[in-house]
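These features come from Swiss-Prot:
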type	residues	note
BINDING	G84, N115	anthranilate 1 binding site
BINDING	G84, 87-88, T92, 94-97, 112-120, S124	5-phospho-alpha-D-ribose 1-diphosphate binding site
BINDING	S96, E230	Mg(2+) 1 binding site
BINDING	R170	anthranilate 2 binding site
BINDING	D229, E230	Mg(2+) 2 binding site
Amino acid sequence: MTITPQEALQRTIEHREIFHDEMLHLMRLIMRGDLSPVMAAAIITGLRVKKETIGEIAAAATVMREFANHVEVQDNSNFVDIVGTGGDGSHTFNISTASMFVTAAAGAKVAKHGNRGVSSKSGSADVLEALGVNIDLQSEQVAASIAETGMGFMFAPNHHPAMKNIAAVRRELGVRTIFNILGPLTNPAGAPNQLMGVFHPDLVGIQVRVMQRLGAQHVLVVYGKDGMDEVSLGAATLVGELRDGKVHEYEIHPEDFGLQMVSNRTLKVENADESRTMLLGALDNQPGVAREIVTLNAGTALYAANIAESIADGIQLAREAIASGKARAKVDELVRFTQQFKR
């Protein structure tokens, strides 16, 4: 039975769940632009206030995937997405983007799904443009990029055109809503493995269980206890791991992997150019915190991609990819490949 928008709003006011099929229906109304801005704003605010359930988030992600422009990838093995919800307020350089180059250099295929900076000084799209990558690719071109270079960047506005129907509402509300956590759940290439950073500790257990419902294979959802939506060097990191259909939650520390715990303060940047400089420094094997945090995150991604048997093994592979120059070479390879499609 379908639910009316008014009934859904009443449900959120009473802190009651909107069931799966009802949420599918509501989300389709939003994505088609069939809800008034007032009603759309009220419902997504009501969901936030009552706290979205795993079922509601999974249903919303299912619809967002339905409406996406998909990237068809032939070979799903060792295929991973490295993504963060953003919104952690840390203003660090683009660690997950740097990790993409290292992860690909070590043999994984990476489909990175990202956007321009909203809360951050430099989103993944901003730093890739600063590096010379053409981010404005069609779906078939992204698929070719993944096949050829082991990396593909999916610029979110190109793949989620229906999001324009809620964009003005989100902008005017100016608060976090369910849409802030849907991005990492809706990779247009359908990567079955993922390293996902989140901005709040409660999201670790929630997002990993959403991915479980969505049929993912190997996922690590991470939250650095210093507030980072990455595996952190400055504190312990909470991990929710989905593997073989089962979820395990645990904590990891830099010292577990022979790394020193150091503050992430030196990783802050003011703009995409500063992020580019720090990213290239890490990939050029310059000793320092930037290289170490990229090694740690790429190592975790290699474990998620099933290239490495453990995070520790992944870190070793990441170190070798950087030291050999292969990771740095991946930057030039992606720039060269994507520039041929410049319009």
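Quick reminder: no glycine exception, Cβ is built from N, Cα and C everywhere.
Quantities reported herein were computed from a predicted structural model and do not represent experimental measurements.
Overlay of Swiss-Prot feature records on the structure.
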{"residue": "G84", "record": "anthranilate 1 binding site", "Cβ within 10 Å": "25"}
{"residue": "T92", "record": "5-phospho-alpha-D-ribose 1-diphosphate binding site", "Cβ within 10 Å": "24"}
{"residue": "S96", "record": "5-phospho-alpha-D-ribose 1-diphosphate binding site", "Cβ within 10 Å": "26"}
{"residue": "H113", "record": "5-phospho-alpha-D-ribose 1-diphosphate binding site", "Cβ within 10 Å": "27"}
{"residue": "N115", "record": "anthranilate 1 binding site", "Cβ within 10 Å": "17"}
{"residue": "R116", "record": "5-phospho-alpha-D-ribose 1-diphosphate binding site", "Cβ within 10 Å": "16"}
{"residue": "R170", "record": "anthranilate 2 binding site", "Cβ within 10 Å": "18"}
{"residue": "D229", "record": "Mg(2+) 2 binding site", "Cβ within 10 Å": "28"}
{"residue": "E230", "record": "Mg(2+) 1 binding site", "Cβ within 10 Å": "27"}
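Comparing the Cα of D229 (Mg(2+) 2 binding site) with the Cα of every entry in G84, S96, H113, N115, these being the binding-site residues, the smallest distance points to G84. Measuring Cα to Cα from S96 (5-phospho-alpha-D-ribose 1-diphosphate binding site), the binding-site residues that fall within 10 Å are G84, E230, out of G84, R170, E230.
In this structure the alpha carbons, written CA, of R116 (5-phospho-alpha-D-ribose 1-diphosphate binding site) and E230 (Mg(2+) 1 binding site) are 18 Å apart. Distance between Cα atoms for N115 (anthranilate 1 binding site) and T92 (5-phospho-alpha-D-ribose 1-diphosphate binding site): 16 Å, as a whole number.
Here the Cα atom of G84 (anthranilate 1 binding site) is found 19 Å from that of the residue listed as 'anthranilate 2 binding site'. Taking the Cα of E230 (Mg(2+) 1 binding site) as the reference point, the closest of the binding-site residues T92, H113, R170 is T92. Looking at H113 (5-phospho-alpha-D-ribose 1-diphosphate binding site) and the residue listed as 'anthranilate 2 binding site', their Cα atoms lie 20 Å from each other. Between the residue listed as 'anthranilate 2 binding site' and T92 (5-phospho-alpha-D-ribose 1-diphosphate binding site), the C-alpha separation comes to 24 Å.
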